[in-house]
Amino acid sequence: MLGSKRTGSRHVAVVLLMCLFWYVISSSNNVIGKMVLNEFPFPMTVTLVQLCSITLYSGPFFNLWRIRKYQDIPRSYYYRLIVPLAVGKLLASVTSHISLWKVPVSYAHTVKATMPLFTVVLTRLFFGEKQPTLVYLSLLPIITGVGIATVTEISFDMMGLISALISTMGFSMQNIFSKKVLKDTNIHHLRLLHLLGKLSLFIFLPLWLYTDSFAVFRHNAIKNLDYRVIALLFADGVLNWLQNIIAFSVLSLVTPLTYAVASASKRIFVIAVSLLILGNPVTWVNCLGMTLAIVGVLCYNRAKQITKGREAPTLPLSQSSHIKYQPLEQQTDPYYRGSVNGKLSNGLHRATATTMMPGNSLLANGSGMPSGTAATRLLFV
C-alpha cells in the first residue's frame, strides 16, 4: 500500500513537472516567434526553419531514445493518406505563422480555441458522425468568446483572423486523419511527426525557394549577419520541436480528458505570458472573450467525456482497412529494446513493460500513448 502511494505521488509529480516544462516552452516559443516575425517578416521562412528542426533533430534523438521504427508503408496508402497529411501540416504551419505575424499572440490563441468546432464539422462532413446535443451546446461559449475577442481586438487584422482559422482547421484535419494512420499502421506517434516533417520539408522547399529565398537573402538581418535574429530563428525551431515532444510525452502519461484540460490551461498560460512580456494592449471585454472561449473548450471536453459511452467510433475501420505487414526479422526490433511477446492485428510486434529499459515509462505501452481512440484526439499542438 505504501509503495503504491509513493508510485502514485511520483507519477503526479512527473506529470506536473512535465506540464510546467510544456507551458514554459510553449509560451517561450510563441513569444520568440512573435519577436522574430516583428523583425524578420518572413513567416514562410520561419516555417522552413521549424520543419528543418523536426527533420534534423528527430531521427538521431528518437534512435537514441530507442523509439521503435515503422515498417514500410504501401505506396498506395502513402499517397492516399500520408502525403495529404504532410500537405495539411505544411498549410497549417504556414498560416499559423502568418496569423502570428499579423495579430497578437493572445488573439491568435483565442481563435485557435475554435478547434473543437472544426473537429465537429469535419467529422460530420467526412464520416457522417453526429454529436449529442450536449456537445453542440458546449460549442456556443467558444463561438461567443471568439466573437467577443474579435470585435474588441485593438490590433485586429483580417488576414490574421483568416490565417488563424485556416491554421486551426488544418490542425483539426491532421488530428482526425492522423488517428486513422496510427490505427492502420501502428506507427509510433513521434515517428509519424518525423515522417510528416520530412515530407512537408521536401514539398515546401521548392515553393520557399521561389517565393521567399531571394527576399530573405536581401534582408538586412541576413546580409549583415544579425546574430540576434539568427539566434531567435534557431531558438524558435528548437523550442517548436521540444514543444511537440513534451506534449506527446504528457499525453502518454495522462488520460485524454486530463490532457485536454492541461492543453486548455496551457493556452491560458501562453496568452497571459504573451500579454505580460509583449505588452499588446487589451480591454477587459477582450479578456472576457478570451476567457469565455477557453472555458468553452473545457466545457466541450467535459461534454465529450460525459457522452463518450453513447458515441459511435469516430473512425469506423473494418478489418480489411488495416495494412498487413511482415514481422520484423528475427522477431526483434533493434530500435525498441527487448524481445517481443505478441503480435498486433496488423503483424507488428508490441513490446511490453517488462521488456523495456528501466525508467523508460513514457514508452511502456508500446505506442507511447494511452489506449483508446480518444488518446490521439489532440495529436498536433
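In case you wondered, yes, glycine gets a Cβ from its N, Cα and C as well.
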### Task
Could you tell me which of the ranges 77-101, 252-276 is annotated in TrEMBL as transmembrane segment?
77-101
### Cβ pairs under 8 Å between the transmembrane segment (77-101) and the transmembrane segment (189-209), at least three
yes
### Query
Considering only Cβ pairs under 8 Å, which range in 12-32, 107-127, 134-152, 189-209 makes the most contacts with the transmembrane segment (283-300)?
134-152
### Message
Out of 44-65, 107-127, 134-152, 189-209, 229-250, what stretch is closest in contact terms to the transmembrane segment (12-32), meaning most Cβ pairs under 8 angstroms?
### Response
229-250
### Task
Report, as numbers and ranges, every residue of the chain located at least six residues beyond the transmembrane segment (229-250) whose Cβ falls under 8 Å of a Cβ in that stretch; write 'none' if there are none.
15, 18-19, 21-22, 25-26, 28-29, 32-33, 35-36, 39-40, 45-46, 49-50, 52-54, 57-58, 189-190, 193, 221, 259, 262-263, 362, 368-369, 380-381
